[in-house]
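Data block below; observations after.
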Amino acid sequence: KKSFSSGLTAMEKKLAEYKCNTNEAIQLKLVRFPEDLEDDNTTFNPEYSHQVFGDDEVAFGYKGLKILLYYIAGNLSTLFRIEYTSKVNEKFDCVEADDVESKIREIIPPGFCTNTDDFVSLLEKEVNFRPFGMLLHTYSVHNEEAGEDITYQIYKADMTCPGFREYHERLQTFLMWFIETASFIDVDDERWNYFLVFEKYNKDGATLFATVGYMTVYNYYVYPDKTRPRVSQMLILPPFQGEGHGAQLLETVHRYYMSSPTVLDITAEDPSENYVKLRDFVLVKLCQDLLCFSPGKLMQGFSQEMVMEAQQKLKINKQHTRRVYEILRLRATDMGDAEQSRSYRLDVKRRLIGPYKKKQRELAKMRRCLRPEELTNQLNQIDLNMQHEQLEESFQQLVSDYRRVLERLAQA
C-alpha cells in the first residue's frame with residue numbers, strides 16, 4: 001500500500017515537469033530585419049492565453065515548450081513553429097500531450113510559414129507593403145534610443161481595400177493575447193470601420209511601414225437617419241505601448257467622425273479601465289477650449305449647454321461630457337479653499353449618489369407590496385453609513401484618476 005502511494009507521487013512529480021505556462025511559452029515577434037529572429041530583445045509574450053489554453057494557461061506534455069509566432073512587421077505574414085526539449089510518450093507514460101498545434105491553428109489564419117527560410121524570403125518582399133485605405137493623420141514621436149523623430153500615420157480602411165481582409169485576419173489574432181475578453185468580428189458586416197496605425201522606418205534606403213495598432217468601430221443605426229459609432233476593440237501592440245499612440249488614434253477617430261453631420265456621438269463597448277483613462281485624457285484635451293467649459297461657466301455647474309456643444313462639435317455623449325466637466329472643474333478649483341472644495345465635492349457626490357437614490361426608490365416601491373419580515377431583510381442590505389463610506393471612497397478614487405489626467409494634459 002505504502003509503495004503504491006509513493007510511486008504515485010513520483011509519477012505526479014514527473015508529470016508536473018511536463019507542464020508549461022503558456023504565457024511564457026508563446027513567443028511573439030514583429031520582424032523587420034533578419035537579425036531580429038535571433039535577437040531576444042525583440043521577443044514579447046502574451047498577457048493572456050486563457051481563451052486558447054484554458055483558465056490555468058497551461059500546456060501539458062512538454063518540457064521546454066516554445067510556441068513561436070513571428071510576424072513580419074508590416075503585412076504580418078506569419079511564421080508558426082513549436083519547439084520543445086522533450087515530450088511525454090503515450091507508450092511509457094500512459095498520458096497524452098496537449099495538441100498545442102491545433103489550438104493555435106484555430107486562431108491563426110492558414111497560409112503561415114513553418115520554416116525560417118521561407119519566412120526570411122517573404123521578409124525581402126516586405127518593401128512592397130503599403131498601408132491600406134486613406135491617410136487621416138500623420139504625427140511624429142521623439143525616440144530617445146534612436147535619437148530622432150519617428151513618423152507615424154493613421155489610416156481608415158475597409159474590406160474593399162485589396163488584401164485588407166487577409167491582413168485583418170492576421171492582425172486580429174493579437175487580440176487573443178492582449179485583450180481579456182477578445183472576440184473576432186463579423187467582417188462581412190459593412191458597418192465596421194477600421195483605423196490602423198503604422199510606423200515609417202528605413203531599410204536599405206527604402207521607406208517601409210510597420211503595424212503599430214488598430215481600432216475597430218461599429219456604426220449603430222439611430223432612427224431616422226443618424227449613426228452612433230461604438231468603439232469595439234482597440235489594441236496598441238506591446239512594443240509600441242506607452243508612447244501615446246492610443247491617444248493619437250482615439251483623437252483621430254473622433255476628428256474623423258466630427259466632420260460627419262449624420263453622426264450623433266461616439267460610445268464604447270464594455271471599456272477597460274485603461275481605455276477609460278485614455279478617453280478621459282483625449283476628450284478633455286478636445287473640450288478644454290470650448291466656450292462652455294470656461295472657468296466661470298465650470299463654477300456654475302454642469303449645464304445643458306455643455307451637453308449640446310460637446311455633442312454637436314465633438315460627438316461626445318452626455319455621460320462622457322459630464323466626466324470632462326468634472327475633470328476641468330477640478331482643474332479650475334482651488335482644493336485648498338474650503339468653500340470651493342466643498343462645492344466641488346458636493347457636485348460630484350450628487351452624481352455618484354444617483355444609483356443609490358434609485359435603489360431607495362425601488363425600496364419604497366417594495367415597501368408597498370412586501371410583508372414586513374421580507375422588508376427588513378431588504379433594508380439590512382443597505383446601510384446608510386456604508387453608503388457614505390463607499391461614496392467618499394469613490395470620490396477620492398475619482399479625484400486621483402482625474403489628477404492623473406490633468407498631469408498628462410499639462411505635459412501634452
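Glycine residues also receive a Cβ, built from the backbone N, Cα and C atoms like all the rest.
Listed in TrEMBL for this protein:
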| type | residues | note |
| --- | --- | --- |
| DOMAIN | 18-180 | domain 'Histone acetyl transferase HAT1 N-terminal' |
| SITE | Trp192 | site 'Interaction with histone H4 N-terminus' |
| ACT_SITE | Glu269 | active site, proton donor/acceptor |
| DOMAIN | 279-330 | domain 'Histone acetyltransferase type B catalytic subunit C-terminal' |
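When the Cα atoms are compared, Trp192 (site 'Interaction with histone H4 N-terminus') and Glu269 (active site, proton donor/acceptor) turn out to be 14 Å apart. Packing around Glu269 (active site, proton donor/acceptor) is summarised by its Cβ count: 12 other Cβ atoms lie within 10 angstroms of its Cβ, all protein chains included. Helix, strand and coil content of the domain 'Histone acetyltransferase type B catalytic subunit C-terminal' (279-330), in residues and according to DSSP, is 41 helix, 1 strand, 10 coil.
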